[in-house]
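Annotation comment: TrEMBL describes 12-31, 165-184 as transmembrane segment. Taken from TrEMBL, the feature domain 'HAMP' covers 186-237. The coiled coil annotation in TrEMBL covers 218-245. Feature annotation from TrEMBL assigns domain 'Histidine kinase' to 252-442.
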Amino acid sequence: MTKLNKKLAISISMVVILVSIISLALNNIFIDKYYLHEKKKTINKIGEEIEDLNIESAIKNINSLEEKYKTSIVYIPVNLKGDSENFITQNLVNEFSKKGISLKKFWLSKSKIEDMKEKSINEIYNQGKLKYSILTKFILKDNYIFAVTMPIEHSQETIAIINKFNLILTSFSVIIIVILTFILSKKIINPLEKIKLLSRDIAKLNFRTEKIKTNDEIEELADSVNQMSMSLQNAQNELNKRNENLKIFIGGASHELKTPIALIKAYAMGIQDGIDDGTYLDTIIEQSEKMNDIINNLLYLSKYEKRELKLENVNLKDLIEDTIKEYDVFIKSNGIEVNLNISKDKFIINTDKEGLKLVINNLISNAIKYTTNKKIYIDLNKNEKIYLAIYNKANPNIEKELEKIWEPFYVLEKSRNKQLSGTGLGLSLVKEILDSHNFKYGIKLNNEYLKFFIEI
C-alpha cells in the first residue's frame with residue numbers, strides 16, 4: 001500500500017469512526033429528550049384542537065382525533081366541589097380500561113386538579129415493570145375532564161441495541177473503506193506516478209510529454225506539466241542556440257580585433273625601431289578607427305538586443321535621401337547609378353532614429369558594395385503598410401549563403417570593396433534593430449537581383 005493509500009484509508013476511516021462516536025454520544029444524551037419532545041408536541045396539538053371545540057363537538061370528534069394522532073382519549077364528567085381526587089382518578093382508570101389500556105400507576109392529586117382550572121397540564125406516569133410510561137394531557141372543559149394519553153417506550157435497551165449495531169456497522173465500514181480506497185486510489189495514484197516520473201525526467205533535462213486521460217484535475221495537471229516540459233525544451237533549445245551563437249560571436253569578434261591589434265603593435269614597433277617610411281602612423285590610425293567601429297557596433301548590438309529604444313517621429317524618405325548624400329562622392333567617383341522610386345505619400349514613422357539610420361546605411365552601403373553592374377535600386381511606397389526595398393544585381397552563386405547572411409562577422413563575398421570595408425557586424429545589427437521594432441523584413445535573390453525588404 002502506498003503512502004497515499006494509507007493516508008486516504010486512515011483519513012476516511014477516522015471520519016467514519018468520528019461520526020459513529022458522535023452518533024453514539026448523541027443517542028445516549030439526546031434521543032430520550034428528543035423522543036419526549038416530539039410526543040409532547042403531538043399531545044399539545046391534540047389538546048389545542050379539543051380546547052378550540054365546544055363540548056359537544058369535542059366529544060363527537062374523539063374517535064377521529066384518536067385515529068388521526070394514534071392516541072387514546074377518554075373523558076368523564078366531574079363535580080369539582082363534591083368529587084374527591086381518588087374518585088376522579090378511578091373513573092379515568094376505568095375509562096382507559098374500556099379502551100384496553102391497563103394503568104398500574106395513575107393518579108391525579110388535588111393540586112393538579114386545581115391547576116387544571118387555569119390551564120391544561122401534562123403528566124408522565126412510569127408503569128414500572130411494564131417498561132413504558134404514559135404521557136397524559138389533562139384538559140378541564142365545561143365540567144368534563146379529557147385525558148389524552150400516548151405511550152412512551154423505555155428506550156435504553158433500544159438505544160443499547162442501536163449503538164451495538166452501529167459499532168458493528170462501523171467496523172465493517174472501516175474494512176470496506178480500506179479495500180475500496182486501495183482499489184479506487186489506484187486510479188489516482190497511477191497517473192500521479194506517471195506525472196512524478198515525468199517531472200523527474202524534466203528535472204534531468206529529458207523533456208518529454210505524458211498522455212493522461214482522467215477527465216478531471218489530474219488530467220489538467222498533466223497538461224500543465226506537458227506544456228511546461230515543451231516550454232522548457234524550447235527555452236533550452238533557444239539557450240543552446242544562443243550559447244552556440246555566442247561562441248561564434250566571440251570567436252568572430254576576437255578574430256576581427258586581433259588583426260588591427262597586431263598591425264597597430266607591428267607598426268608601433270616599427271616606429272620605435274626607426275623604420276617608419278611615413279605611412280606607419282596613418283596605418284595605426286586607420287586600424288584604430290576600424291577597432292573603434294567594431295566596438296561601437298558591438299555596443300549597438302548589445303543595446304538593441306536589450307530593446308533599448310528611443311522612439312520619435314522620423315521621415316523615412318528624408319533619412320534615405322540623407323544617407324545617399326553621405327555616399328555621394330563615392331557614388332560619383334565610381335560611376336554608381338542610384339535609381340530612386342519613391343511615391344508621393346508621407347512616410348512619417350515612430351521609431352528609434354539612430355537605429356533606423358544604421359539600418360538604411362548598412363543596406364545602401366551593401367548595395368553599393370556588392371552591385372555587379374554599378375546600379376542600385378531603392379523603392380519606397382505605401383499601401384496598408386510602408387514597403388522599402390533596396391536591391392542590386394549580384395553574383396547568382398551567393399544563394400546558398402543567404403541563410404547565414406544575418407550571422408555576426410559573416411562575409412557574403414570575400415572580394416569586397418576595400419573603400420567600403422565594414423566590421424562584419426552590419427547585417428546582424430540590422431536584424432537586431434528590426435527585430436526590436438517588430439518590423440517584417442527579409443532577403444530575396446530573384447533573376448540575379450539581391451533584394452532587402454522591410455515592411456513597416
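Using the three backbone atoms N, Cα and C, a Cβ is placed for every residue, glycine included.
Per-residue confidence over the domain 'HAMP' (186-237) averages 87 (mean pLDDT, predicted model). Same-chain residues lying 6 or more positions outside the transmembrane segment (165-184) and placing a CB less than 8 Å from one of its CB atoms are 1, 5, 8-9, 12-13, 16-17, 20, 23-24. Secondary structure of the domain 'HAMP' (186-237), assigned with DSSP and counted as helix (H, G, I), strand (E, B) and coil, comes to 39 helix, 0 strand, 13 coil.
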